[in-house]
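Novice: Have a look at this one.
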Amino acid sequence: MDRYCVFGNPIGHSKSPAIHAAFAAQTGQQLTYEARLAPLDGFAAAVQAFIAEGGKGANVTVPFKLEAHKLAQALTVRAQAAGAVNTLHFTEQGIIGDNTDGAGLVADIVNNAGVAITGKRVLLLGAGGAARGVVLPLLEHRPAQLVIANRTVATAEELARQFAALGGAGVVSGCGFGQVEGPFDIVINATSASLQGDLPPLPDGVFAPGTLALDMMYGAQPTVFMQYASGHGALARDGLGMLVEQAAEAFAVWRGVHPATGEVLHRLRAAL
Ligand code: NDP
């Protein structure tokens, strides 16, 4: 049977083995998928050992996405744009690095939440690895505006500069939280503030009734960001759909078949 895994440290919490087992059963694909703890100073060796054992591909999570980007012998366009790799494909041509996080987010917004991005005003909070990975897939849907706001303003401005030419004249801009001028149709929280129970310091008027407010984090309870957004009339959504959709994209990269995600998302949600 073809073998796949997810590398991380820590990795015990990972939902990826359950997600990929469900995809394999649904599509009739014969494969195994396990969670592997890679030593903090031994990611490349762990990947090479897995390839030597016959591994066909791997997902990569915290803290190895940048190392995976360096390790890959070729990169997809979206992995180059993201500057990080969450999906490795071991082929006869070598190790291909891909990034499915952004495609996963966009699929969750467009297909699962049923919200079009085209022509909309989009606010992206944060300019770290997760934010960087979603800029290109968002721009491919031609939003009217994409504002990137970050605590460290220079990082947001730099990220906006990198993608300015792709978005069209005046579409992409970067600023600090205090300079954000709402309202927006879609607000994506790609900061890690929710991990500490914090809220990015947003000015009033960012949300309007019907704004889609998506926090990349997920858990049994709504995050502070989701609670705040709901309190201002927005439709709040967590990052569980993004997690399942990025896994489906990776499965498609490896197996050439895109699994259905609805039932898997429903079961994961029930088990949170
Ligand atoms: P990084 O460490 O690369 O970036 C963190 C970002 O959050 C930076 O922009 C940082 O700003 C900002 N930040 C951190 N603390 C605060 C705070 N208290 N207030 C405001 N801004 C803050 O992290 P990642 O980009 O890798 O991850 C971000 C989030 O996305 C995490 O919660 C992660 O779990 C989630 N994620 C979810 C996925 C999914 O499938 N659902 C996939 C990938 C990520 P500064 O530049 O100023 O430091």
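The backbone N, Cα and C atoms fix where each Cβ goes, glycine too.
Unlike curated entries, TrEMBL annotations are predicted automatically.
Keep in mind the model is a prediction, meaning the values are calculated, not measured.
OK, TrEMBL features for this one:
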- K65: active site, proton acceptor (ACT_SITE)
- S14, K15, S16, T61, N86, D101, Y218, Q246: shikimate binding site (BINDING)
- G126, A127, G128, G129, A130, M216, G239: NADP(+) binding site (BINDING)
- 6-88: domain 'Shikimate dehydrogenase substrate binding N-terminal' (DOMAIN)
- 116-193: domain 'Quinate/shikimate 5-dehydrogenase/glutamyl-tRNA reductase' (DOMAIN)
- 239-268: domain 'SDH C-terminal' (DOMAIN)
Novice: Taking each of K15, N86, G128, G129 in turn, which of these binding-site residues have a Cα lying within 10 angstroms of the Cα of K65 (active site, proton acceptor)?
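Specialist: Of everything listed, what lies within 10 Å of K65 (active site, proton acceptor) (Cα to Cα) is N86, G129.
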Novice: Which of these binding-site residues is closest to M216 (NADP(+) binding site) if you go by CA atoms: S16, T61, D101?
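Specialist: Spatially nearest to M216 (NADP(+) binding site) by Cα position is D101.
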Novice: Taking the Cβ of A127 (NADP(+) binding site) as centre, how many other Cβ atoms lie within 10 Å?
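Specialist: Neighbour count, Cβ to Cβ under the 10 Å cut-off: 25.
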Novice: Please give the NADP(+) site's span as the largest CA-CA distance among G126, A127, G128, G129, A130, M216, G239, to the nearest whole angstrom.
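Specialist: Largest pairwise Cα separation, rounded: 17 Å.
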Novice: Residues with Cβ closer than 8 Å to the Cβ of D101 (shikimate binding site), same chain and 6+ apart in sequence?
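Specialist: Once residues fewer than 6 apart are set aside, D101 (shikimate binding site) is near A82, N86, A130, G133, V134, M242, Q246.
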Novice: For the binding-site residues listed here (S16, T61, N86, Q246), which one has the lowest count of neighbouring CB atoms within 10 Å of its own CB?
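Specialist: Sparsest of the binding-site residues S16, T61, N86, Q246 by Cβ contacts within 10 Å: T61.
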